[in-house]
Amino acid sequence: MAAALVLRTWSRAAGQLICVRYFQTCGNVHVLKPKYVCFFGYPPFKYSHPYQWLKTTAALQGQIVQFKLSDIGEGIREVTVKEWYVKEGDTVSQFDSICEVQSDKASVTITSRYDGVIKKLYYNLDDTAYVGKPLVDIETEALKDSEEDVVETPAVSHDEHTHQEIKGQKTLATPAVRRLAMENNIKLSEVIGSGKDGRILKEDILNYLEKQTGAILPPSPKAEIMPPPPKPKDRTIPIPISKPPVFIGKDRTEPVKGFHKAMVKTMSAALKIPHFGYCDEVDLTELVKLREELKPIAFARGIKLSFMPFFLKAASLGLLQFPILNASVDENCQNITYKASHNIGIAMDTEQGLIVPNVKNVQIRSIFEIATELNRLQKLGSAGQLSTNDLIGGTFTLSNIGSIGGTYAKPVILPPEVAIGALGTIKALPRFNEKGEVCKAQIMNVSWSADHRIIDGATVSRFSNLWKSYLENPAFMLLDLK
């Protein structure tokens, strides 16, 4: 099968130069291998068509495209390159991961919008990349079809199986999709595309393959089966282990970036807020018992149940009674916005620094649903893979500093929020019961901070007392759950 590009017309009396490009067949695949042959006179092949003048162009052209860092949103103008998933010379397809970048709010994976070959990386690891500037150069491969005076030709029969398109139509598909069809011996002309303008997508190939052959697609990943919880052991006092020094040697200077840069902005803004502090202790004896009863049930559902879901739900119930604590103020403190959703943030310590993802809509979630979301956020936070959506939109914050150590803290408000709580370590301490007898109690201290410009001390105290009552008597939460 051949397509001819006639560079000049010729007369039957005088031969002119003709350049011919052949499409050679390799197995079941058409591979474009240009072979330029010069003839004087008529070409040595015959057109299987009654018309004499056939002008067709088929050419593969490579183009270097500067792949620029697009706007990530949230006013982010610069990011830090944390990891490259490609190197120069690698072949990429659309939606393949190019690199991972980190802003002062979240880590984002950048994906390719082109099929082609990576020609240049503009940044090294830990370099600062700017929105709108080139990230990589990609040499694209686009089949450029320009037809003049197109005349349909009869289909050419081959002994070998070939992928031929419907006459007069062009099948839209990326090279990756064509490769998938080729590997599974599928004619693209028989597949109905679901993409724009009938473009054939990868899903269309997989669906076609499943219908034709009954192929079983790879199963979706199942929930990881957690090992049975270990039996509780006698509590022993841990012996401090001295670790080798983290840093020795000469002084060095490095720029503040990533989450540390976000902390600079947030804490500088928080310094302008007059903080009101309030501390109290909470007896969690009954909650500790309840959690031990619910842990096996949560484990059967694949959920790791900590105390935090109870703390968040109790806080949400309290915010329903004191909505001023779930509000925000503008920069000049002229307007108060009361938030309908309780998006409660959790201060999380990671290798990348302090991050505060939030659980969305705590007011409509159950304890188990909150625990499931916390498990997800903690897993992504440890891997540095939290999305921007996980980190924005917070309305109230709890900091579980007690998981590391400490009894009291002085939490700093995260603008534009107006309140935050810090939770201390749960300790077994002697306390008096209602009969005046000394008994063992599970005590946790809590420290609150509120924006004293719009929140008075009495409001914080009443909120804390209500939150405390829910945790000291977990059954009370059932009365107010909706």
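Placed from the backbone N, Cα and C atoms, the Cβ positions cover glycine too.
According to Swiss-Prot, the feature transit peptide maps to 1-61.
As a whole-number mean, the pLDDT of the domain 'Lipoyl-binding' (64-139) in this prediction is 86. Sequence annotations record features per position, and here Swiss-Prot assigns domain 'Lipoyl-binding' to 64-139.
According to Swiss-Prot, the N6-lipoyllysine annotation covers Lys105, on the basis of experimental evidence.
Secondary structure from DSSP puts Lys133 (N6-succinyllysine) in coil. The N6-succinyllysine annotation in Swiss-Prot covers Lys133 (among others).
Annotation source Swiss-Prot lists region 'Critical for association with PPM1K' at 145-160, citing similarity to another entry.
Under the heading region 'Disordered', Swiss-Prot lists 146-171 (among others).
The N6-acetyllysine annotation in Swiss-Prot covers Lys196 (among others).
The N6-succinyllysine annotation in Swiss-Prot covers Lys196 (among others), and the record cites similarity to another entry as its basis.
In the structure as shown, the Cβ atom of Lys202 (N6-acetyllysine) sits within 10 Å of 17 other Cβ atoms. The secondary structure of Lys202 (N6-acetyllysine), as reduced to three states from DSSP, is helical. Positions annotated as N6-acetyllysine by Swiss-Prot, on the basis of similarity to another entry: Lys202 (among others).
Residues or ranges marked as region 'Disordered' in Swiss-Prot: 218-238 (among others).
Sequence annotations record features per position, and here Swiss-Prot assigns N6-acetyllysine to Lys243 (among others) based on similarity to another entry.
Residues or ranges marked as N6-acetyllysine in Swiss-Prot: Lys289 (among others). The Cβ of Lys289 (N6-acetyllysine) has no same-chain neighbour under 8 Å that is 6 or more residues away in sequence.
Look at Swiss-Prot and you will find Lys289 (among others) tagged as N6-succinyllysine.
Annotation comment: Swiss-Prot describes Arg291, Ser306, Asp349, Gln378, Ser399, Asn400, Ser403, Gly424, Ile426 as CoA binding site, evidence class experimental evidence. Summarising the environment of Ile426 (CoA binding site), the number of other Cβ atoms within 10 Å of its Cβ, over all protein chains shown, is 17. Ile426 (CoA binding site) falls outside any helix or strand according to DSSP and counts as coil.
According to Swiss-Prot, the N6-acetyllysine annotation covers Lys295 (among others).
Positions annotated as N6-acetyllysine by Swiss-Prot, on the basis of similarity to another entry: Lys435 (among others). Using a 10 Å radius centred on the Cβ of Lys435 (N6-acetyllysine) and all shown protein chains, the other Cβ atoms total 6.
DSSP assigns Ser399 (CoA binding site) to a strand segment in the three-state reduction. The Cα of Arg291 (CoA binding site) lies closest to that of Lys440, out of the modified residues Lys133, Lys202, Lys435, Lys440.
A strand conformation is recorded for Lys440 (N6-succinyllysine) in the three-state DSSP classification. Within the set of binding-site residues (Ser399, Ser403), the lowest number of other Cβ atoms found within 10 Å of a Cβ is recorded at Ser403. Taking the Cα of Ser403 (CoA binding site) as the reference point, the closest of the modified residues Lys133, Lys202, Lys295, Lys435, Lys440 is Lys295. On a Cα basis, Ile426 (CoA binding site) lies 24 Å away from Lys435 (N6-acetyllysine). Of the candidate modified residues, Lys202, Lys295, Lys440, the one lying closest to Ile426 (CoA binding site) when CA atoms are compared is Lys440. Ser399 (CoA binding site) is 26 Å away from Lys440 (N6-succinyllysine) when you measure Cα to Cα.
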